[in-house]
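What TrEMBL says about this protein:
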type    : residues                                                                               : note
BINDING : LEU325, ARG326, ALA327, ARG328, LEU329, ARG330, THR331, ASN424, LYS425, CYS426, ASP427 : GTP binding site
BINDING : THR331                                                                                 : Mg(2+) binding site
REGION  : 122-153                                                                                : region 'Disordered'
Amino acid sequence: MVTYHDPNDPFLILLAPPLDETPEQCKAREAEEEAARKVSLRIDEELKAEKAAIKKKKNGVKVLVLGQSESGKSTIIKNFQLAYAYQAWLDERASWRSVIYLNLIRSVNHILEILALEMSNQDSSRHGPSPATARSLAHLRHSEESETDVSDDETFVAQPPFAFTGKHKLLKLSLAPLRGVQKDLEVQIGAGASEPEDLSIWYDCTDAAPFAEVERLAARPSNPRRPNEFFIRSNCGWKETLNKLRPRLSTSPDHPNPPQKGKQNSVVEILVGCSANIKSLWTDEVVQAVLKRRNMRLEESSGFFLDDVSRIAARNYEPSDDDVLRARLRTVGVQEYKFKIEKGSEIGRDWYMFDVGGVRTSRAAWFPFFEDCNAIIFMAPISCFDETLEEDHRVNRIKDSILLWKAICSSKLLSKVQFILFLNKCDLLGAKLKRGTSKIQDYFPDFANEHIDVKTIAAYFRHEFKRILKNSTSSPIRPMFAHMTSVTNTKTTAATLTSVRDTIVHNTLLNADFI
Ligand SMILES: Nc1nc2c(ncn2[C@@H]2O[C@H](COP(=O)(O)OP(=O)(O)OP(=O)(O)O)[C@@H](O)[C@H]2O)c(=O)[nH]1
Ligand SMILES: [Mg+2]
């Protein structure tokens, strides 16, 4: 093609070098033009790569991990990361240190709070309680009763007194600085550091599946918007949180310790100083008796690290894989994870996994992610048959899971999606059954099996979930794959992951490794 340049073209005149340009000026101008050309080329390449990435994403597998809060969604994703993206896992591992410190310090402060109340209760039973103490005790007693379903007030009052000594007072005093450290860490970590509060006592804000209403609205013929136009994607998941906490090297010789690092150092120093006393508090017989009488099993609660205090409250502490898996950081918003399949016929295939916040008030935001989704991993923690939701103490946790599952099964957008059910926290269910403090029939009266063990309970719930799926209007003949899991156990979970990966990738909807 031949191009003709019009010598009167105003653009050419504008871009033409000045007539009196010196050889040096000419050289500088050409260098500038070359640099601008390189920037332009780089932008073109970036745009091309972005387009290719979008195209590739369309060919990838998209998996949503759903379930109520503390069901184990983030933990199963950590397992996937451990199995399929180990380098990313390693890069992130050190950033979990502050979260683990917070988990540990929270447990200590929780014990101190209980201890203070019990001690003042004992004092006041000699002199009569102050109004403030009486109110606090009434509150604690109320929450304890609703958790354990103990309604006999007499049993609580008629217990023998605890043998508190000067040692307990000293422990309380020496560990007092940890309250401030907890506050600092909560500020540093941000939204994920807090646990949800029960707002239902103030207003009726909770619905198990608010996304169902959004789906109904979006499906109206008068509404031309696509599902993902309804919500803004959140950018405050734990990936962003961990990025904030990532240890950074200082680039300035004048400030070898950036402020973040200085704060972290002081947390470590306080913790190291408190290590022996934390251990002494946790292993103290009277403290253990107080916790037992209050039916508090910290060792079975999220983010429990008290047994590891000597290892964690040390200057050279580095989180292990297991620590990271057990660490508790609440998911806020929606977080995308990308993995590449490393083995088998699907090698190289990209997986996109979406981790969501599970509290009831977060669930409407799940809806935009239903579109184009290939599979849903649904986490149902079956050890929680006698527990209630943090965000609404009126609601039994398994009953909430069932309502949630019902809504997911009825979603038209999800009618062609594979469902994989994780009956999770089987280890905690086993421990609960062994203790024999709760009876499943008290919460699920139609449980009829005379053998009460982890397997029969899991089979009962699996049957219940399957029945709901079968009766759902959206797709009555959809198969369901169920697994009994304890996802903090990486060894047993690894085998389940392989099976889940193959199930999803090959879309084999015929058989499952059912209980
Ligand atoms: N013992 C035991 N603990 C578990 C199991 N699954 C999860 N956990 C622990 O339970 C806590 C909560 O797990 P997460 O994975 O954070 O729960 P989540 O569903 O992501 O919760 P949200 O982010 O609030 O929606 C963590 O401390 C986990 O280590 C399990 O099978 N057994
Ligand atoms: Mg989470």
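Keep in mind that glycine also has a Cβ here, set from the backbone N, Cα and C atoms.
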Residue among binding-site residues LEU325, ALA327, LEU329 with least C-beta crowding, 10 angstrom cut-off:
LEU325
Look up THR331 (GTP binding site) in the DSSP assignment and reduce it to helix, strand or coil.
coil
Non-local Cβ contacts of ASP427 (GTP binding site) (under 8 Å, 6 or more apart, same chain)?
SER383, SER486, THR488, ASN489
The answer for which binding-site residues (LEU325, ALA327, LEU329, THR331, LYS425) have a CB under 6 A from ligand 2 is THR331
Same-chain residues at least 6 positions away from LYS425 (GTP binding site) with a Cβ under 8 Å from its Cβ, in sequence order, are GLY72, PRO381, ILE382, SER383, CYS384, SER486
Please report the three-state DSSP label of LYS425 (GTP binding site).
coil
Would you work out the biggest C-alpha to C-alpha distance among LEU325, ARG326, ALA327, ARG328, LEU329, ARG330, THR331, ASN424, LYS425, CYS426, ASP427, the residues that bind GTP according to the record, and give it in angstrom as a whole number?
23
Neighbour count, 10 Å Cβ-Cβ cut-off, for THR331 (GTP binding site): what number do you get?
25
Would you identify the secondary structure of LEU325 (GTP binding site) according to DSSP, in three states?
helix
